[in-house]
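The active site annotation in TrEMBL covers ASP93, ASP272. Marked as disulfide bond by TrEMBL: CYS106-CYS111, CYS263-CYS267, CYS308-CYS347. Residues annotated as domain 'Peptidase A1' in TrEMBL: 75-388.
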Amino acid sequence: PPPRHVPARLLVTDRLPSPLHPRVPLKRGKSLRQVLKEHGLLERYLKQHPYNLASKYYHAGVSAEPLENYLDNEYFGTISIGTPPQEFTVIFDTGSSNLWVPSVYCSSLACSNHKRFNPADSSTFVGTNESVSIAYGTGSMTGVLGYDTVTVAAINVLNQIFGLAETEPGDFFYYSPFDGILGLAFPSISSSGATPVFDNMMSEGLVAKDLFSVYLSRDGKRGSFVLFGGIDPSYTTNGISWIPLSAETYWQITMDSGEPVACSFGCQAIVDTGTSLLAMPNRCCQHTARRRLPNQRQNLLRATQGLCDRGERPAGEGTGGGVLGWGDPAAGNHHPPCSRLQIDGYCTLGFQGMNIPTESGELWILGDVFIREYYVIFDRANNMVGLSQLP
């Protein structure tokens, strides 16, 4: 596993000298889907828990985090909690706001083979009587809230509130390759009003700039990271397109396009490291698949399988200008990508249909398939998302 304390390196941001910026290396491992398949459980899991990506966003009532949203995540990082530190593998999720990990109070089978936080072993832990509950498609994560020192790379966040899970949803969580989740979205969507980790980093002056940036490697390569407080200029050689946020909830932006099948009346898009695919309105998904695979309208999965086997690109898929020919989102050129995901020898399209209307237009989710094509900057100081296309 990656080391807990990662040596920071000197970066230059905005052409001015800047302090050291700690980064968390992200390891790319097997997804929950792959692990379930290896154990012969994937088919039963999918039958019992129909995938509904839409339920993560614009839910009513309790904070909802469908477990299925993390089915294909492959990027995980290490944090520690307490004094002395107790290590945990987490997903750094820009689509949620809470930090939670399993605790020794957890009686669920899912906790039995994951690292569990023990408050008695930490001299800096402060307990509360407040409960926390995050609803999943398979049940709920319930627990209590506590305060302790949370270490993310070289940053020590004192008195950080977090959830200590006492129950976890379903036996399938037993096979998850991560212990917990660290949310990086806004406080407005945090369950139980818990202050997110990055908000405390900002308020305590622990980051040089009120932003963080993400690089996700392609094709199994190493080097993925989350960088807190700075921008690595070696990943922005193609310039940065800045897009204002349209809501301070998720990292949500507005897309405009003259393309009739895409955002003819404007679209909303959420940049979400906690979702693996690119989700779009159903009508756009159908059109995109047929446009990219014009001669294979009946069986898109089989057609994509053949393309992956031969190492080919679907018709119309370019190599330049945005995400595999999609274009620059900031410029309003939104032709969705036909990315291919290869899992255990089979391939599938990297996008899916989803219908969520908003007051400002249809909703798109820009998950890891999208993020792998860009160096993405999440700027809280100016409420903007910066995108720099990777070579």
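Even glycines carry a Cβ here, placed using N, Cα and C.
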Requested in this report: Out of ASP93, CYS106, CYS111, give those recorded positions positioned within 10 angstroms of ASP272 (active site), comparing C-alpha atoms, in sequence order.
Outcome: ASP93
**Report entry** Chain-internal residues near ASP93 (active site), provided their CB is under 8 angstroms and they sit 6+ positions away
**Finding:** ILE181, LEU182, GLY183, LEU184, ALA185, ASP272, THR273, GLY274
Report summary line: Excluding its own, the Cβ atoms lying within 10 Å of the Cβ of CYS111 (disulfide bond) add up to 22
Query - Length of the line joining the Cα atoms of CYS111 (disulfide bond) and CYS267 (disulfide bond), in Å - result: 39
Requested in this report: Mind telling me which of the recorded positions CYS106, CYS267, ASP272 has the densest Cβ neighbourhood, counting other Cβ atoms within 10 Å?
Outcome: ASP272
**Report entry** Spatial separation of CYS267 (disulfide bond) from CYS106 (disulfide bond) - C-alpha basis, Å
**Finding:** 41
Query raised in the report: Over the domain 'Peptidase A1' (75-388), what is the model's average pLDDT?
Result: 78
